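Q: Can you read through this structure? Questions will come right after.
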Amino acid sequence: MEHTTTHNNDPLVLGGRALESRLFIGTGKYGSDSLIPRVAEASGAQVITVALRRVDMQAAAGNVMQHIPQHMQLLPNTSGARTAEEAVRIARLARAAGCGDWIKIEVISDSRYLLPDGYETAKATEILARDGFVVLPYMNPDLYVARDLVSAGAAAVMPLGAPIGTNRGLRTQEMIGILIEEIELPVIVDAGIGRPSQACEAMEMGAAACLVNTAIASAGDPVLMASAFGAAVRAGRRAWLAGTGAVLEGQAQASSPLLGFLDS
């Protein structure tokens with residue numbers, strides 16, 4: 001695959017918005033919500049996701065929304081939804097509350113492993129896309145589910161790298177690679193990424209972006225970790241744009257001549 005775009009002109013376009021940063025961050029699990037603006041600044045992220053169930057629009061204080069920088073693109077999610085109908089209701093409530101038209105669909109009826117329901121996710125995606133939402137569905141990295149989501153009107157697909165909150169890394173790497181090759185939508189790796197090196201690897205594969213929450217929020221120094229993830233995502237993207245060298249099997253190949261220079 002030939003990559004002609006340079007890193008100086010390489011926006012990720014979603015919902016009509018050109019994003020310079022390909023790192024998305026979350027708002028959960030921080031010891032204090034007051035860390036969120038510092039994490040956002042350190043990461044360079046432009047998109048931030050928040051569970052609507054954590055938002056109290058009537059509260060004068062203690063509202064996570066107060067800590068989200070105004071320049072950031074808000075990506076409400078439907079965490080807590082168990083059916084398509086519940087996800088649609090949450091999305092419409094978010095829009096009515098002034099949270100915009102972007103929505104991350106999470107439909108999870110499995111409370112142990114927190115794996116997304118592909119059928120219900122596609123159903124919700126179709127309804128909300130018709131309603132004018134920019135729909136980013138969280139999904140298992142399954143090609144057939146991804147194709148259903150494309151047909152349903154998704155703006156991107158968000159396959160999990162590992163179960164939510166586990167920091168296990170890219171356990172589904174080969175399946176994500178298939179989606180990157182086959183799906184004509186941005187592939188945003190979501191859930192399970194635990195280290196900056198793993199985010200870098202996802203970007204080197206050709207992922208359009210990474211969403212990272214737990215790995216940053218649970219770090220000893222979340223602000224410094226956010227900076228590390230921002231740098232890793234940029235490095236991985238530049239490596240993909242540059243085109244990595246071929247992997248040789250069998251014998252080694254010298255990078256400079258081994259013979260002849262002593263005879264000259």
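Here the Cβ of each residue, glycine as well, is placed from N, Cα and C on the backbone.
What Swiss-Prot records for this protein is below:
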- K104: active site, schiff-base intermediate with DXP (ACT_SITE)
- G165, A191, G192, N213, T214: 1-deoxy-D-xylulose 5-phosphate binding site (BINDING)
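Provide an account of the burial state, proximal residues and distances for the features listed.
A: Under DSSP, K104 (active site, schiff-base intermediate with DXP) is assigned to a strand (E or B) in the three-state scheme. Cβ neighbour count for K104 (active site, schiff-base intermediate with DXP) (all protein chains, 10 Å cutoff from its Cβ): 27.
Under the three-state DSSP scheme, T214 (1-deoxy-D-xylulose 5-phosphate binding site) falls in the helix class.
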Q: Roughly how many angstrom lie between the C-alpha atoms of G192 (1-deoxy-D-xylulose 5-phosphate binding site) and K104 (active site, schiff-base intermediate with DXP)?
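A: Counting only the Cα atoms, the answer is 17 Å.
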Q: Could you list the residues of the same chain, at least six apart in sequence, whose Cβ is under 8 A from the Cβ of A191 (1-deoxy-D-xylulose 5-phosphate binding site)?
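A: Non-local contacts for A191 (1-deoxy-D-xylulose 5-phosphate binding site): Y138, L160, G161, A162, P163, I164, G165, L211.
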Q: Using other CB atoms within 10 angstroms as the count, which residue among the binding-site residues G165, G192 scores least?
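A: Taking G165, G192 as the binding-site residues, the minimal 10 Å Cβ count falls on G165.
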Q: Where the record says G165, A191, G192, N213, T214 bind 1-deoxy-D-xylulose 5-phosphate, what is the longest distance in Å from one Cα to another among those residues?
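A: Roughly 9 Å, rounded to the nearest whole number.
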Q: If you count other CB atoms within 10 A of each CB, which of N213, T214 wins among these binding-site residues?
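A: Output for this query is N213.
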